[in-house]
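Working notes, structure below.
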Amino acid sequence: MEEPGVRQRKKAATGFANAHKTGSEPKSSSAFPKVYVLLTAVLVLALYNFPALVKSPLNQFLGAPARHLPGVRTNYVPTFTADEAKQDAVVEAFKHAWLAYERDAMGDDEYHPISHAGSNLTKAGGIGYTVADSIDTMIIMGLEDEYQRARAWVADKLSFERDGNFNTFETTIRVLGGLLSAYHLSGEDPVFLEKAQELGSRILPVFETESGLPLSLINLGLREGVSDSDTNGYISTAEASTLQLEFRYLAYLTDEDTYWEKAENVMAVLRANAMPSGLASIFVDPKTGHYRTAPIRLGSRGDSYYEYLLKQYLQTNQTELVYREMYDTAMTGIHTHLVKRGLSSQLLYIAELNPERTQNGELGWRLTPKQDHLVCFLGGSLMLGATTSGALVHNVSIPPRTDELTDQGERDWLTGVELINTCMATHDTKTGLAPEIAHFRILGDGVDDSVAPADWYIKGARPDAPPPFDARYILRPETIESIFIAFRLTGDPKYRDYGWAIFQAIEKHCRIPTGGYASVINVDQVPVEYDDKMETFLMSETLKYLYLLFADSSVLPLNEYVFNTEAHPLPVFNPTIRTGFS
């Protein structure tokens, strides 16, 4: 919805223009100067205080042609019809994964396709991570038989009476998010909401801390929050700030405001303790709410903090401006401090900042040219933010025009496009799969040119040596997620080509003939060696985003849904309680 202030300014500008064109005299000679001065003052104030919001109507008034938006090709015809053949291939891949899991490990949290076995996250048993994470994908793909069997398991066998510690964040995004999405997409089947409400109520005790920030672990059977001794009791920033979409939607469905209030309070605490740059270190103290001295990055433990700033703004139909403010500030911080370019190909990447003490004992920050595969979510997120938070109009064109975006919107759009290009460049390996972590060349890095390429490389990789952890591919979805969003916002077929190339690489190198898919230990080695694990996000995210990439654009449109960080689509809604820290 276009802001009333913008509409009023358009009317004022049009009226002023018409008065000049006709040259007619006003009825009262004393009234004309007053109106003239008033309109001029309004326009000047608008230009001074809201230059971005006046940009589009002013350009129209002046008849200025729209500049070509960087990152948008001009030599293609946008197309959004389904590519059914490629969709069918993705559905077959999903069935290859699901049926193997169902055969060997139904109900277990995780699946190991080579050993044909399942495993659970606690000794007390599991809570069906894989089932809950996969069921909405079945609905989207129209797999009725598989869906009915999965639903029956949820209804009859899913139990949260487990005296064991589960990760708060993972349980929320995978299980709670999966149940809520299944409830919506199934036409509001009550079994999913009942299970979601039970799980939500069992998780609530994690918020019973001095600051209200959640603890990292939850004992679902005892309904007790548990600190993580591995992190000295601190919680990662991403984990604390990536529960909000799920708990807010649960509150909306159940009219239990406590779910909303607990999740929203987390964001209020983080905002009150925000760093001046708009960035966030990767650990916070649940006792004080203060950020700890820790790395700043958009990879592990930091990524979805930034993702959910935008998505909280979008989830409630762009009504909570506090999240837009936090998002805009964070994106400016990223551009100021973390956006860098490689030496040879000038690839744009997102660096990390690591704290270190100087010889004088003062705290400093060292820039590290390292980018996790996880960071590749940001390309699509920036493009989506550019067309929403950074838009001058409500319905942005596909692809967008420059006169529809603020200066920040243009900046974020271009960075998003370039970051996707970089993420695709990291697929330039022997398998066509991207590594878990890429490093980029910088001046004076001391890296042997005979070992590392001139632009990016896998740190520690050596011929005839054991591969480093960085070299693996664990079926991650982040690049595909960004490709899907970019395609929906541009209609550019190149993004479908990118996605198809990744899918073919997964099929060639990760598919296990007897069923399922496995992680690859070294993306630069053929034939590949496997790690015997099929991550749940293969069926929740990777294959879902691939399916939607080749689907008709009317399927789960981006203006009607937000996808949680595990790719569970939740509908946009107008909140029924006072929100936005009100």
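The backbone N, Cα and C atoms fix where each Cβ goes, glycine too.
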Of the candidates C423, C510, the one sharing a disulfide with C376 in TrEMBL: C423
Recorded positions clustered about C376 (disulfide bond) [Cα within 10 Å; pool: E170, E436, E478, T565]: E478
Nearest of the recorded positions (C423, E436, E478) to D303 (active site) - Cα to Cα: E478
Fewest Cβ neighbours within 10 Å, where candidates are the active-site residues E170, D303, E436: E170
Cα separation, C423 (disulfide bond) to E170 (active site, proton donor) (Å, whole number): 25
Other CB atoms within 10 A, centred on E478 (active site): 25
Separation of alpha carbons, E478 (active site) and E436 (active site, proton donor) (Å): 11
C423 (disulfide bond) CB neighbourhood, other CB atoms within 10 A: 27
